[in-house]
Amino acid sequence: MTSIYTNLLQLQLHHHNQQLFPSFPPKPSSISSTGNRCLGSPVSLRSRSLIVRCVSSRTANPFDSDEIPEYAPKLTQKSVKTRSVLEVLQNANSILPQVVLISTILAFIRPSSFTWFTSRYYAPAIGFLMFAVGLNLKEKDFVEAFRRPAPIFAGYVGQYVLKPFLGYLFGTLSMTLLGLPAALSHGIMLTSCVSGATLSNYATFLTDPEMAPLSIVMTSLSTASAVFVTPLLTLLLLGKRLPIDVHGMVSNILQIVVSPVVASLLLNRLFPRVSSAIRPFLPPIALVVNFFCIGAPLAINMKSIVSPFGITIALLMFAFHLSGFILGHSFTGIVFRNEPDVEPLQRTLSYETGMQSSLLALALANNFFKDPLVSIPPAISVIIMSLMGFSMVKIWAKEKN
């Protein structure tokens, strides 16, 4: 009797539990509608912890869209808006050619808008662009760049062999075929003897970010050796050995290239959250910097540009830089045709060969040549080179996409 009574009591308790907790005990693999798994086990009067565990699992995420649907749209809209703003800021460089064109037109219409932006602002301006480039790079990127001596040497040859040849060619044609004064010919040749432009690094970064360290190494090498190579080239082409300020050139490299890049790499390493926070705001600031870097040389040298020889020299410098872009791109495609990244490499060496440090040539012309006509080609070169380079950024970026 005692056994029968005990069995009946257990059945009654089990029935009572089923009425209180009809969903228990769940199967071990059962999953709730919200995706939460309950660790099932037979329910008894001693298994209250199971109830707590299942309920806490079900309410672990207070912003679950199935539990509290009114929160989800608000969070989604906020994140979408934030992401949209950041994308707009990061894509600001897509209108760089238009900004360069507006800067050029405004410099012609209202030169006073740019004449205050003298040469003393160029070092910090270009330094900022290098900082913006470096903030998107890591130390290992430069290690990989130094492991590719062949492209570095090719960029050096393009800068100090191919470009001086083009300068001599167009300088000679300007006298023999067009009958221009010798001083203008000397200005073209002088422009071809200087180092690569720092803006080529920024153009490379906009088109092929992974190639930016290689471009920086190329420009730094050509700039560092300009203290020796440029005087030799001017002696060979012009018959005049121009003294170059070694201390000034080294200081220029440190200020414009090395220090900003090192500072940005350290910021990435030591304060990654700060880097991530400021990175989206750099492209629009870079647009403003480029706006003045392009318009200022044009406005300051307006008298030379609107001279009787201005249009002719502009066409010659256009042909000069275009030849550099094309030959740099073509020769790289032939020499490095078996490289897996031949196309980005072609664009990088095209920028490096086609863009010159025309401001250095302009400074040399003003300091060491008595005839003011010598300064006209490098002054026009600053504008032509920048317009062509950033227009190619736009073209190649479209082709990649």
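Cβ atoms are placed via backbone N, Cα and C, with glycine included.
Whatever TrEMBL says is automated annotation, not expert-curated.
Feature list (source: TrEMBL):
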- 121-138: transmembrane segment (TRANSMEM)
- 150-171: transmembrane segment (TRANSMEM)
- 183-202: transmembrane segment (TRANSMEM)
- 214-237: transmembrane segment (TRANSMEM)
- 249-268: transmembrane segment (TRANSMEM)
- 280-300: transmembrane segment (TRANSMEM)
- 306-328: transmembrane segment (TRANSMEM)
- 375-397: transmembrane segment (TRANSMEM)
Outside the transmembrane segment (121-138), at least 6 residues beyond either end, the same-chain residues with a Cβ under 8 Å of its Cβ set are 198-199, 201-202, 205, 209, 212-213, 216, 252, 255-257, 259-265, 267-268, 275, 278-279, 282-283, 285-286, 289-290, 292-293, 296, 359
Here the stretch out of 214-237, 280-300, 375-397 with the most C-beta pairs under 8 Å to the transmembrane segment (150-171) is 214-237
Near the transmembrane segment (249-268) in space but 6 or more residues beyond its ends, with Cβ under 8 Å, are 123, 126-128, 130-135, 137-139, 198, 201, 216, 219-220, 223-224, 226-227, 274-275
For the transmembrane segment (280-300), out of 183-202, 214-237, 306-328, 375-397, most C-beta pairs under 8 A are with 375-397
Contact set of the transmembrane segment (306-328) with the rest of its chain, CB cutoff 8 A exclusive, min separation 6+ beyond the ends, reads 158, 162-163, 166-167, 170, 173-174, 178, 180-181, 184, 187-188, 191-192, 346, 349-356, 373, 376-377, 380-381, 384-385, 388, 392
Given the transmembrane segment (183-202), its same-chain partners at Cβ distance under 8 Å and 6+ residues beyond its ends are 126, 129-130, 132-133, 155, 159, 163-164, 166-168, 170-172, 174-175, 212, 215-216, 218-219, 222-223, 225-226, 229-230, 233-234, 237-238, 256-257, 286, 293, 309, 313, 316-317, 320, 351-352, 354-358, 360-361, 364-365, 369, 371, 373-378, 381, 385-386, 389
